[in-house]
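Single-structure report; data block below.
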Amino acid sequence: MPGPRGAAGGLAPEMRGAGAAGLLALLLLLLLLLLGLGGRVEGGPAGERGAGGGGALARERFKVVFAPVICKRTCLKGQCRDSCQQGSNMTLIGENGHSTDTLTGSGFRVVVCPLPCMNGGQCSSRNQCLCPPDFTGRFCQVPAGGAGGGTGGSGPGLSRTGALSTGALPPLAPEGDSVASKHAIYAVQVIADPPGPGEGPPAQHAAFLVPLGPGQISAEVQAPPPVVNVRVHHPPEASVQVHRIESSNAESAAPSQHLLPHPKPSHPRPPTQKPLGRCFQDTLPKQPCGSNPLPGLTKQEDCCGSIGTAWGQSKCHKCPQLQYTGVQKPGPVRGEVGADCPQGYKRLNSTHCQDINECAMPGVCRHGDCLNNPGSYRCVCPPGHSLGPSRTQCIADKPEEKSLCFRLVSPEHQCQHPLTTRLTRQLCCCSVGKAWGARCQRCPTDGTAAFKEICPAGKGYHILTSHQTLTIQGESDFSLFLHPDGPPKPQQLPESPSQAPPPEDTEEERGVTTDSPVSEERSVQQSHPTATTTPARPYPELISRPSPPTMRWFLPDLPPSRSAVEIAPTQVTETDECRLNQNICGHGECVPGPPDYSCHCNPGYRSHPQHRYCVDVNECEAEPCGPGRGICMNTGGSYNCHCNRGYRLHVGAGGRSCVDLNECAKPHLCGDGGFCINFPGHYKCNCYPGYRLKASRPPVCEDIDECRDPSSCPDGKCENKPGSFKCIACQPGYRSQGGGACRDVNECAEGSPCSPGWCENLPGSFRCTCAQGYAPAPDGRSCLDVDECEAGDVCDNGICSNTPGSFQCQCLSGYHLSRDRSHCEDIDECDFPAACIGGDCINTNGSYRCLCPQGHRLVGGRKCQDIDECSQDPSLCLPHGACKNLQGSYVCVCDEGFTPTQDQHGCEEVEQPHHKKECYLNFDDTVFCDSVLATNVTQQECCCSLGAGWGDHCEIYPCPVYSSAEFHSLCPDGKGYTQDNNIVNYGIPAHRDIDECMLFGSEICKEGKCVNTQPGYECYCKQGFYYDGNLLECVDVDECLDESNCRNGVCENTRGGYRCACTPPAEYSPAQRQCLSPEEMDVDECQDPAACRPGRCVNLPGSYRCECRPPWVPGPSGRDCQLPESPAERAPERRDVCWSQRGEDGMCAGPLAGPALTFDDCCCRQGRGWGAQCRPCPPRGAGSHCPTSQSESNSFWDTSPLLLGKPPRDEDSSEEDSDECRCVSGRCVPRPGGAVCECPGGFQLDASRARCVDIDECRELNQRGLLCKSERCVNTSGSFRCVCKAGFARSRPHGACVPQRRR
């Protein structure tokens, strides 16, 4: 192959130049030789068969030669040197589509595909093209919107499925050419940076469409030139360029040119799986982004290409400026070097831009409907909502403040003529108001910026926030339709050249096809009539074409040919405006209908001439309120009259009007000094003599005060009267000063009338303030001595003697004088220790007395001595006891068979235990007579089980304290057992287990299943309930107290469960216990019957786990059950109660007597359910592991609850079975590898692992009152109990501690 080597050698200097730039250049020469590609179409003209009409490709052959030249740069001490060497050639030959079409070299891979993929498609295999979303067909030549048309033009061609239809597809090369006669040589140049340490991201690939020669044009089909797809796999930091070097055909030979550049990016290329981050819409002055990102994660291209201004993961970055310069006609969207997609689009591949579906981004149009448009989106808010500041969510409208609306503002800035109805500021200022609010806030002047801010639609219109529609148009431009009649209708642009200049590319508009090189990326477009929607502001214009449905945007101040942007067709469905905007007609009914909607208006409204909105009928044009009498306010469907001052509203058959108000009909309107004269719209007051008109609102006639004139009464006091005045002489204590006034006489300055005391002058008189011990005389003009002894409130417990200005006290015996010497206080003799020895000293007035405690007497008046009751009365405690004296009392020591009475002062016969009486649960309860557990029971049955007292008719004998001598005497075998003297075994009385379930019935296990055990009982509750030992019943578990049960929802507790209400469209996931969106819902793997066999599948968030039945154990992954390899690896088998019955409600009954069994042992006997959860046993013979020889045990211990002699102890039998097991207070359980000690409930193993010790629940589990709220916790053997605090007792009906009533 000398030709290719020579071509390669010719390019070596260029590659050395690239190496001088610090890059590694790899030059690959591709010799693409295609031979004998041809075929025919049955039924087609003969003339077309020679051209290779559209039959299937009969055979194909190509040959690729790779001649690499490897260059590298070496730098030392600032001096760099380039060195290149020739690599070994590689040749690839493919024939009939069966050979390998891929070659791999060091750091690169080249794929040659002869299939011509059109419209930006990529050849993914030898017989398939990977098409963009808007095209289909085998060669991506059919638009997705229709079967015909596209880049290849209309007419016969390929169908959507890719099968050949009537027509012709030219071959890739003319038929009959050979390898030597015609070929094209291209150079594929891969430029890469030197690799760094470690392995980088996976390799990228670049695809190129290489033309082999000119195409053919026919009347029916416009075919592209013969092409071949070349794909180069290269490192991600590399760039790929393709150069055409030479061609053996002299006509098509051309100098080396740059073809299909693939520029090297300025930053490392992202991996195939693009990262997700936070999208921000707002920016701060000194920060790249705000503090409130959109919810969820998005890709950078989706964020920055649509609504975002900044994006980032751990750090926020501003979105880069778009370098978009325009995209050409419909079909493949091809951009120049460094070009970006337009706003609202992202790059699909190297040749296509795809619309960004903003509605799929989380957080867009929350609480509203999102409509995706090509390059934008639209938010439609429901009634009562409007778009928020971020333009991405609908927020509820806040009610605006309503206040007075004033029709007039005076020059003195006073508000006048308020309307009777309170209005919002916008509704006031946009209609007839001049000022608004309690502070008389002026409305902005019409035409100013402030007026446009609150009244954007002008005078007479206001914004209905529930109808606001926001539409994104182009480069983040927004239009808010506030027209009262709806959005403006689109206007038809004139098509004359004088009004609309044609674009520069006139050939494409006229549909003329040119044969241009592939590098120019030109396509054919047929012209169609255009209809342009022109917004009111200079936003980019939206041009729509009927076929194909494309959109073109024009930026302001630029010619259409430079700013036009064509976007790939997007399917748009018809929008039901009546459904999306429920109040679109206002006061009317929206009627949908083709092509648009119409409005049927309510009474009082009329349809706008454009029939897009219902407007109110303005009744005020006829001046129904009367000229000059009031202001007519038009309202929705009616009108109101706001009458001026002096007029009133009149409602008659003709409507509302303003009539004159006769103010003079109101009595005393002008006061008592005048009379009223009525005028139209006002009135006037005329005053009588002696009165004058007062300037007030309303004006009245007021009296003239003649006494203000000093000359009215020169020798006396002037007294004003209505309409006149009167002169009066001065009173005693006053002197005339002339001018009609009297002046007070100061008596205190003329002498000392108040000695001993102080004189105080008063108007017309004076007053004496006397010293202590003195009081004013009856006339108040002197001071007299006070006799304090006559008052009787001084010198208590003493004798009083009066002195001038004071008094003296002489105290009686047992009293002493107080500190203020005003009375006598008692002496507390009890403060002296010897006053009352051995008793209680009680102080009295003037003396004291000594009280001795019971059983003592007073000796000598100051000492208490014990009384010996036994010596004084020898008959005490007889005849069944002896008296024993105590300090202050005595007790009886009773004979055998007798017991002391409750007061310890007598002896009574001990009740025999076989007597049957009532058993009481709570002896301390205030209503303990109602706490009867059972009747007709013996004292042993009551006190040896659950009883706290035993007796008849509320005469209760307390049960002996547990572990006391009396308890062991009554219950020798402990709790849960009773003696039966009628049955003996070798002289020893038999012990019978107390069946608490039968004895007390439902009193001890309400809402549950009571199961008798030996000893004691167990209460099994349904799922969702727990057993309350204080209330002796099953109580519903409030799952809502645990917030993790219903995350992101509203939890509602139910009996036995709970309900989690989620906000649609979210649904509740029981596995994750939270409300999740449909995309986040967990897949329940346990729905597969084969999961976890033979065990139970437990679904987990995003996974599941297996609970295996012994002897099966979970596998290493936890998602299957396996048999252990050795007996030592088998899981220990758990033992529990075995049930003989299991109902349809899932409740078990009839526990089998005897010790607890494993699941297999229970189900292999006669069990139907196992465990506290009533796990069902499998059907008989359905894969059972039961041995055939196993049968139900008939031992006496298993079948009868009656135990002769002592019941077998677990620890004794364990020691007999295994010498190596020691288990005190527990039982030995055989396990693989040896027996272990297992403790009963309420016990735990100690450090030696051989003894079961009681768990102190009150100390370990009662933190913060979790066990006994507001009660005292008392630990018991294996359990605990809650006891009410002092002064409280438990209420039987409710089980709560209530204050104890005193009797």
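Every residue, even glycine, has its Cβ placed from backbone N, Cα and C.
The compositional bias 'Low complexity' feature in Swiss-Prot is assigned to 529-540.
When Cβ atoms from all protein chains are considered, those within 10 Å of Cys131 (disulfide bond) total 24, not counting its own. The disulfide bond annotation in Swiss-Prot covers Cys131-Cys140 (among others) and rests on sequence analysis.
The disulfide bond annotation in Swiss-Prot covers Cys304-Cys319 (among others) and is backed by sequence analysis. The DSSP secondary structure for Cys304 (disulfide bond) is helix. All protein chains included, Cys304 (disulfide bond) registers 24 other Cβ atoms within 10 Å of its own Cβ.
The Cβ of Cys428 (disulfide bond) lies under 8 Å from the Cβ of Cys405, Leu419, Trp436, Cys443, each of which sits 6+ residues away along the same chain. Here Swiss-Prot flags Cys405-Cys428 (among others) as disulfide bond.
Cβ neighbour count for Cys601 (disulfide bond) (all protein chains, 10 Å cutoff from its Cβ): 21. If you look up Swiss-Prot, you'll see Cys601-Cys614 (among others) marked as disulfide bond.
Counting every protein chain shown, the number of other Cβ atoms lying within 10 Å of the Cβ of Cys759 (disulfide bond) is 19. The disulfide bond annotation in Swiss-Prot covers Cys748-Cys759 (among others), and the record cites sequence analysis as its basis.
The disulfide bond annotation in Swiss-Prot covers Cys770-Cys783 (among others), and the record cites sequence analysis as its basis. When secondary structure is read from DSSP and collapsed to three states, Cys770 (disulfide bond) falls in the strand class. A sphere of 10 angstroms centred on the C-beta of Cys770 (disulfide bond) encloses 20 other C-beta atoms.
The Cβ of Cys841 (disulfide bond) lies under 8 Å from the Cβ of Glu829, Cys830, Ala835, Tyr848, Arg849, Cys850, Leu851, each of these being in the same chain and 6 or more residues away along the sequence. What Swiss-Prot lists as disulfide bond is Cys830-Cys841 (among others), and the listing cites sequence analysis.
Under the three-state DSSP scheme, Cys864 (disulfide bond) falls in the strand class. Sequence-distant neighbours of Cys864 (disulfide bond) (same chain, 6+ apart, CB under 8 A from its CB) are Cys836, Ile837, Gly838, Gly839, Cys850, Cys852, Pro853, His856, Arg857, Leu858. Taken from Swiss-Prot, the feature disulfide bond covers Cys852-Cys864 (among others), and the record attributes it to sequence analysis.
The disulfide bond annotation in Swiss-Prot covers Cys919-Cys942 (among others) and is backed by sequence analysis. Counted within 10 Å of its Cβ, the other Cβ atoms near Cys942 (disulfide bond) come to 30, all protein chains included.
Here Swiss-Prot flags Cys1040-Cys1051 (among others) as disulfide bond, drawing on sequence analysis. Taken residue by residue with DSSP, Cys1040 (disulfide bond) is part of a helix. In sequence order, Cys1046, Cys1051, Glu1052, Asn1053, Tyr1058 make up the list of same-chain residues 6 or more apart from Cys1040 (disulfide bond) whose Cβ falls under 8 Å from its Cβ.
What Swiss-Prot records for Cys1092-Cys1106 (among others) is disulfide bond. Cys1092 (disulfide bond) falls within neither a helix nor a strand when secondary structure is assigned with DSSP, and so counts as coil.
Counting every protein chain shown, the Cβ of Cys1282 (disulfide bond) has 21 other Cβ atoms within 10 Å. Marked as disulfide bond by Swiss-Prot on the basis of sequence analysis: Cys1268-Cys1282 (among others).
The domain 'EGF-like 2' annotation in Swiss-Prot covers 355-395 and is backed by sequence analysis. Mean predicted confidence for the domain 'EGF-like 2' (355-395): the pLDDT average there is 82.
Under the heading domain 'EGF-like 3', Swiss-Prot lists 574-615.
Sequence annotations record features per position, and here Swiss-Prot assigns domain 'EGF-like 7' to 785-825. Assigned with DSSP, the residues of the domain 'EGF-like 7' (785-825) fall into helix, strand and coil as follows: 4 helix, 18 strand, 19 coil.
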Query raised in the report: Are there any residues in the same chain, six or more apart in sequence, whose C-beta is under 8 angstroms from the C-beta of Cys919 (disulfide bond), and if so which?
Result: Val932, Leu933, Ala934, Thr935, Val937, Glu941, Cys942, Leu946, Gly947, Gly949, Trp950, Phe1000
Query raised in the report: Say you check the Cα of Cys1106 (disulfide bond) against those of the recorded positions Cys140, Cys304, Cys783, Asn936, Cys1282; which is nearest?
Result: Cys1282
Report summary line: The most crowded of the disulfide-bonded residues Cys140, Cys319, Cys748, Cys783, Cys852, judged by neighbouring Cβ atoms within 10 Å of its own Cβ, is Cys140
Report summary line: Cα-Cα, Cys614 (disulfide bond) versus Cys304 (disulfide bond), nearest Å, comes out at 41
Query raised in the report: Given the recorded positions Cys131, Cys140, Asn1275, Cys1282, which one's Cα is the least distant from that of Cys759 (disulfide bond)?
Result: Cys1282
Report summary line: Among the recorded positions listed as Asn349, Cys1092, Cys1282, the Cα nearest the Cα of Asn1275 (N-linked glycosylation site) belongs to Cys1282
**Report entry** Secondary-structure category, per DSSP, in which Cys830 (disulfide bond) falls
**Finding:** helix
**Report entry** Rounded Cα separation (Å) that holds between Cys304 (disulfide bond) and Asn845 (N-linked glycosylation site)
**Finding:** 97
**Report entry** Spatial separation of Asn936 (N-linked glycosylation site) from Cys1282 (disulfide bond) - C-alpha basis, Å
**Finding:** 28
Query - Other C-beta atoms that fall within 10 angstroms of the C-beta of Asn936 (N-linked glycosylation site) - result: 9
Requested in this report: Look at each of the disulfide-bonded residues, Cys830, Cys1268, and point out the one with the fewest other Cβ atoms around it within 10 Å.
Outcome: Cys830
Query raised in the report: Using DSSP, how many residues in the domain 'TB 3' (917-971) fall into helix, strand and coil?
Result: 14 helix, 19 strand, 22 coil
